[in-house]
Amino acid sequence: MKEQKKVFIKTLGCQMNEYDSARMHEVLNEHFDTVKTDDYKDADIILINTCSIREKAQEKVFHELGRWKGIKKTNEDLIIGVGGCVASQEGENIIKRAPFVDLVFGPQTIHRLPEMIKQKQKSQQSQVDISFPEVEKFDYLPEPKAEGAKAYVSIMEGCDKYCSYCVVPYTRGPEVNRPFEDVLAECAILAEQGVKEITLLGQNVNHYLGPMENGQTADLALLIHFIAEIDGIERIRFTTSHPVEFSQNLIDAYATVPELANHLHLPVQHGSDRILINMKRNHTILEFKQKIRKLRAIRPDITISSDFIVGFPGETEEDFQKLLDLVKEINFDQSFSFIYSKRPGTPAADLPDDTPMEVKKDRLKRLQDLLNSNAQIISRQMVGTNQRILVDGTSKKDDNILSGRTENNRVVNFKGDKSLIGQFAMVKITESLPNSLRGELI
């Protein structure tokens, strides 16, 4: 009989980490019959799945570990583990800085967690495995278990882009594409469990080149076509994309696959070609605009979100103004924007940077004000329209109100029977609020 253990997992960072955290619990459950707990003080195993994109995210890890240190003193059998990209980047240094940590594991070694725990218990020595094994983790992970009507499916790992500011190629490793048939099988399993919306994940997801059993290679567009044919799957998203691989095949899929959500997240990072060159993004603003124009010729009302970095080394006011101009021209929806964070070991970390932090903060505020204005206008334009909502559950503020999301990721709250949870519903939008919409069930 397997020993039951309570597991607490804290997830920082991107959707890929959310996916990995779910798989951590599944692989532990297969060996230890685990149950999740929301209270780390009640756990037998505490894991933190980390992000290293920005310095503040990295410091969050050690802040959390500091909170858990005291529990370890009163419970010697407690297992504390650090996974994710900070684990890959720091490795043994985590143990040196926090000796009470038992496990340090990378994104590619999740499947080894049970064995690492057993080795720790046997040897009483901290275990570190941040390797990039040739046999990918997907081969050893158990069948996914759906939690609701939406699910993430990882189709590739790693990145070969080596943008000058980014640590992902160093922490996630080179690109590894999951076999085409394996992805379809996972999507079919999830559909049988009631999943209706799939989000395909990868650090550079639209560069997916999955090996097929017939010896050919499938790109993301072909994969999307096949997933759309699976009974029960009614909405498909993908993230995160790179403009260079946003291909004509993928653009054409928006014309032929109605299940493909009418929303695209396509990180451009900046609006100045000079800055893009220094970022090693390998495309121009004109090339980006041309792809957006082709997409909008097919889906005129598609909403587009992005990622932006403000204050990159050498950024001038003229460069920044070009970024604002791009945001206005494309009419970007809700987006992620940050002040550049120097990451050790990346080429950009060595670039001279003499822009005062106050200037960077001012630019970030101006950018975010513009993005928020765009988003509010888009939300107000939705009032009076009928939207197809995937009902996630009840509102955080009122258990009698249902809540779900539109294709363009707007949260909509409306009255309805709880039997609609996990289903699609048509809702007329009646009011636009700063962070959500209100509607009426049709």
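Glycine is no exception: its Cβ is also placed from the backbone N, Cα and C atoms.
As the structure is a computational prediction, the values presented were derived from the model and not from experiment.
Straight from Swiss-Prot, the features:
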{"type": "DOMAIN", "residues": "5-122", "note": "domain 'MTTase N-terminal'"}
{"type": "BINDING", "residues": "CYS14, CYS51, CYS85", "note": "[4Fe-4S] cluster 1 binding site"}
{"type": "DOMAIN", "residues": "145-378", "note": "domain 'Radical SAM core'"}
{"type": "BINDING", "residues": "CYS159, CYS163, CYS166", "note": "[4Fe-4S] cluster 2 binding site"}
{"type": "DOMAIN", "residues": "380-442", "note": "domain 'TRAM'"}
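Highest local Cβ density among the binding-site residues CYS14, CYS85, CYS159, CYS166 belongs to CYS85, counted as other Cβ atoms within 10 Å over all protein chains shown. When pLDDT is averaged over the domain 'Radical SAM core' (145-378), the result is 96. Within the same chain, residues at least six positions away from CYS163 ([4Fe-4S] cluster 2 binding site) with a Cβ under 8 Å of its Cβ are GLN269, MET279, LYS280, ARG281. If you measure from the Cα atom of CYS85 ([4Fe-4S] cluster 1 binding site) to that of CYS159 ([4Fe-4S] cluster 2 binding site), you get 13 Å. What surrounds the [4Fe-4S] cluster 2 site, by Cβ distance within 8 Å of the Cβ centroid and not counting CYS159, CYS163, CYS166, is the set LYS161, TYR162, TYR165, VAL167, VAL168, PRO169, GLN203 from the same chain. You'll find the Cα of CYS51 ([4Fe-4S] cluster 1 binding site) roughly 15 Å from the Cα of CYS159 ([4Fe-4S] cluster 2 binding site).
Distance between Cα atoms for CYS166 ([4Fe-4S] cluster 2 binding site) and CYS14 ([4Fe-4S] cluster 1 binding site): 14 Å, as a whole number.
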